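Have a look at the structure below, then the notes.
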Amino acid sequence: MLKKKAKTKSSSKKWSSFKNARSMHVLLYLLLAAIMFALLFVHVKPETLDLDLFSVSDKTIYAPATVEDQKATEEKKQAAEDAVEDQYTLKKEYTDNRIDLVSSIFDSISEVKKSSEEGSKSPSEKSMVKSVKDKLTSDVNDSISEDSIKTLLKADSEDFSFVRDTVITAVNTVMSSEIPSDKLSDAKDKVEKELKSNSIPSKYLGAATEIGRFAIIPNYVFDPKATEAKRQEASDNVQQVQIKQGQVLVEENDLIDREVYRKLELTGLLNNSNLFKPISGLLIMIGLFIATLVYYFEKQKQNLKFKNQSILLFSIITTLLLVIMEVVSLFQKMEYNNIGYLVPIAAGAILIKLLMNERIAILGSIILAICGSMMFNQGVTGTFNYVIGIYYLISGISGVLFLGKHNARSKILQTGLFVAFINMVVVLSLLLIQNTALSGLEIGTLMLMGVVSGFASSVLIIGLMPFFETGFGILSTMRLLELSNPNHPLLRKILTETPGTYHHSVMVANLSEAACEAVGANGLLARVGAYYHDLGKTKRPQYFIENQMNIDNPHDKLSPQLSKNIIISHTTDGANMLRSYKFPKELVDIAEQHHGTSLLKFFYYKAKEKGDQITEEEFRYPGPKPQSKEAAIISVADSVEAAVRSMHNPNPERIEKLVRGIISDKLQDGQFSECDLTFKELDTIAKTLCATLKGIFHSRIEYPEATKKVK
């Protein structure tokens, strides 16, 4: 039996040390990430189908994502290229070349004429023609007849020059226009027409026409580079052919032909090879969630144990809501996929706010909204149902903001009512924005779902709060109200065993609550902390003056050192008793810290008078000093109440002087050095305590003592 007990104690010790270990929160982050991945992957994993070519589809199949249809895109690009006509370019240099050619023909004839005129012996016509032809290229000789050469050789200088200029002008005019190869004949006819219209003597017209027609060639020629550039431009302007997300690939009872089968393959519906992207994306998103949480929690000034507890608490609430969403999502169908509106999503954010704080609650709302938009994505195009995501986000954040700084049970119910109203309005607005074709009955049903979600959130919160408070030792308003019940065993113990201490504690509670509320601290925590701050006095009630009724003071018979030990021990005794009753740490701290390290002056000076060799440190409380505003304010209220109670004929001036003196002494003694009270707040505390004490110790009418008896 002893062995088993030792083993249990050892394992408990190991768990406690692990709970305080830095590796604990790393493990919690990894565990939360793994749970998120397990619950979300099934909703982002692409659907795969077992279908055969030329089979009949048993359902309408939609494209799960937008993908490019490369085959169709290439076909469209090729069609665009084929539609581009050949590109031609007007070669202006061809005009100059042909004019030069015409000039060279006339120059050759002119040279032969000049040579024959200068010679002593006139050459024969035949030899002159031969001389001209020798000067011309073969293609010119093939195109220009000897008769034309002879005619021009016989022309006088004036006619020769006129014919030359007229042919050059006509060629230039015709060649200045585009002459494609298929229009060459028309261009030659045009130059002939030009020549005929220029009054060339009839005997030269044939020769001029022959040279003019020969000079005309196609100048509007095919340009391969321009054609290729145009085709490339046409190809580049073709938009990608895409299979859009949500596009119908095949209708129910339709044949799956080769084209449909190709599209099913293209969208990844026939194989599992396209898992890399969704897995990677989901891991990145979860990584961002965890990184944000790490950043938030690492900034919190908490010891390792409470940081681990906060992470665990957040993880449990988040997992709980994810599981609820997963269960509800099992009932969604293609024809009715709006069941997600029923999820009490606000419960998660409000629970986090009640048990932790508002900032992390809003972060939790964002994470749950994104996760919910993935879980309820059936029947929508894409992985995310943005409508449900917006609904979840507004629902969660509105609940957190409406709750504010209050968390009484009645306020939670009011918050549920408010969230129900907000949900109803959000559902209606989203449906109107979508311009949905739903009937009035269907819209009403969805709005009713939002109302149910709001009420369910408040019920879930009230039901779960006690479990979280007990399991994590969290101090909430409901827990404080429960501990402030006069029927609590420890309060009954204080009342019955130390009635003077009980009355003192109630007075301190009233004072400290008012002071805390004046500086923005937790007034209810201060009230309940004050009720239990002197619990340790129940161990030796008669040694404390407020409980010494009709008995001698036992300290008169004790040494100052022994009296000091008895008085000082009440802080640690009280803290230990509260721990044994599993009280929240905040209340234990108040019991332990309400005297800080202050000096027990009465017994210190008594010992000094006796001549004992002592130091101040021996007569100081062990501390620690107050760590919170509430503990510091209770320490002031405790001293003030005791001092004012012992004051003879208290009046406002004397009370204020006493209060400010006590605060000043504690400040100079360094009792506030470890809490975050400011000088301004200390002044506010002094004013509030004075005002409260003046109300308690106000002047009363002095009734004369009845000294005469009625005869």
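Our numbering is plain: 1 for the first residue shown, then up by one each step along the chain.
Cβ from N, Cα, C; glycine included.
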Item to check | Stated Swiss-Prot location of transmembrane segment, expressed as one of 275-295, 506-526 | outcome: 275-295
Checklist entry - Swiss-Prot has His533, Asp534, Asp638 binding Mn(2+) 1. Which one of His503, His504, His555 is in the same site? => result His504
Item to check | Of the residue ranges 27-47, 384-404, the one that Swiss-Prot records as transmembrane segment | outcome: 384-404
Next on the checklist: List the binding-site residues among His504, His533, Asp638 whose C-alpha is within 10 Å of the C-alpha of His594 (Mn(2+) 2 binding site), in sequence order, or say none.
Outcome noted: His533, Asp638
Item to check | DSSP-derived structure type at His570 (Mn(2+) 2 binding site), helix or strand or else coil | outcome: helix
Checklist outcome for this item: Beyond a gap of at least 6 residues from its ends, the CB atoms lying under 8 Å from the transmembrane segment (360-380) belong to 36, 39-40, 43-44, 246, 285, 289, 292-293, 296, 310, 314, 317-318, 321-322, 325-326, 329, 332-335, 337, 339-340, 343, 345, 348-350, 352-353, 386-390, 392-393, 396-397, 400
Checklist outcome for this item: For the transmembrane segment (311-331), the distant same-chain contacts (Cβ-Cβ under 8 Å, at least six residues beyond its ends) come to 25, 28-29, 31-32, 35-36, 39, 43, 293, 297, 339-340, 342-345, 347-348, 351-352, 355-356, 360, 364, 367-368, 371-372, 375-376, 378, 464, 468, 472, 474
Checklist entry - In the same chain, which residue numbers or ranges, 6 or more beyond the ends of the transmembrane segment (384-404), come under 8 angstroms Cβ to Cβ? => result 340-341, 343, 345-346, 348-350, 353-354, 358, 361-362, 364-366, 368-370, 372-374, 376-377, 411-412, 414-415, 418-419, 422-423, 426-427, 430, 434, 450, 453-454, 457
Item to check | Those residues of the chain, 6+ apart, with a Cβ under 8 Å from that of Tyr621 (substrate binding site) | outcome: Ile568, Thr571, His595, Gly596, Thr597, Ser598, Leu600
Checklist entry - Taking residues 6+ outside the transmembrane segment (448-468), which of them lie with a CB under 8 Å of any CB in it? => result 313, 320, 338-339, 341-347, 350-351, 354-355, 391, 395, 399, 409, 412-413, 415-424, 426-427, 474, 476, 478
Item to check | Additional residues around Mn(2+) 1, ordered along the sequence, whose Cβ is within 8 Å of the centroid of His504, His533, Asp534, Asp638 | outcome: Thr501, Ser505, Val508, Ala530, His594, Ile634, Glu641
Next on the checklist: Using CB atoms and a 10 A radius, I'd like the single residue among the binding-site residues His504, His533, His570, His594, His595 with the highest neighbour count.
Outcome noted: His533
